[in-house]
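See below for the structure under consideration.
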Amino acid sequence: MADKPDMGEIASFDKAKLKKTETQEKNTLPTKETIEQEKRSEIS
């Protein structure tokens, strides 16, 4: 099968070439209090 990965390439991969990135939370879920406030404001 030609679609199998080249294990030699994986074994010789240098992790030092990877760049270190800082991950940031982008879409945080709202708290229960925030959801309740929004529900109350929609009703009134």
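Positions of Cβ are set from backbone N, Cα and C atoms, glycine also.
Source: prediction; values computed, not measured.
Quick look at what Swiss-Prot annotates:
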- 1-25: compositional bias 'Basic and acidic residues' (COMPBIAS)
- 1-44: region 'Disordered' (REGION)
- Ala2: N-acetylalanine (MOD_RES)
- Lys4: N6-acetyllysine (MOD_RES)
- Ser12: phosphoserine (MOD_RES)
- Lys15: N6-acetyllysine (MOD_RES)
- Thr21: phosphothreonine (MOD_RES)
- Thr23: phosphothreonine (MOD_RES)
- 33-44: compositional bias 'Basic and acidic residues' (COMPBIAS)
- Thr34: phosphothreonine (MOD_RES)
- Lys39: N6-acetyllysine (MOD_RES)
- Ser41: phosphoserine (MOD_RES)
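Across the structure, Thr21 (phosphothreonine) and Lys15 (N6-acetyllysine) place their CA atoms 14 angstrom apart. Cα proximity to Thr23 (phosphothreonine) (within 10 Å) is found for none of the modified residues Lys4, Ser12, Lys39.
Ranking the modified residues Lys4, Lys15, Lys39 by how many Cβ atoms sit within 10 Å of each one's Cβ puts Lys39 at the top.
In terms of DSSP secondary structure, the compositional bias 'Basic and acidic residues' (1-25) contains 8 helix, 0 strand, 17 coil. A straight line from the CA of Ser41 (phosphoserine) to the CA of Thr34 (phosphothreonine) spans 11 Å. Lys15 (N6-acetyllysine) sits 21 Å from Lys4 (N6-acetyllysine), counting Cα to Cα.
Here the Cα atom of Lys4 (N6-acetyllysine) is found 48 Å from that of Thr34 (phosphothreonine).
Taking the Cα atom of each, Lys39 (N6-acetyllysine) and Ser12 (phosphoserine) are about 55 angstrom apart. Neighbour density for Ser41 (phosphoserine): within 10 A of its CB lie 8 other CB atoms from the protein chains shown. The Cβ of Thr23 has fewer other Cβ atoms within 10 Å than any other of the modified residues Thr23, Thr34. Cβ contacts within 10 Å of Ser12 (phosphoserine), excluding its own Cβ and spanning all protein chains shown: 8. Looking at Ser12 (phosphoserine) and Thr34 (phosphothreonine), their Cα atoms lie 50 Å from each other. Secondary structure at Thr34 (phosphothreonine), as computed by DSSP, is helix.
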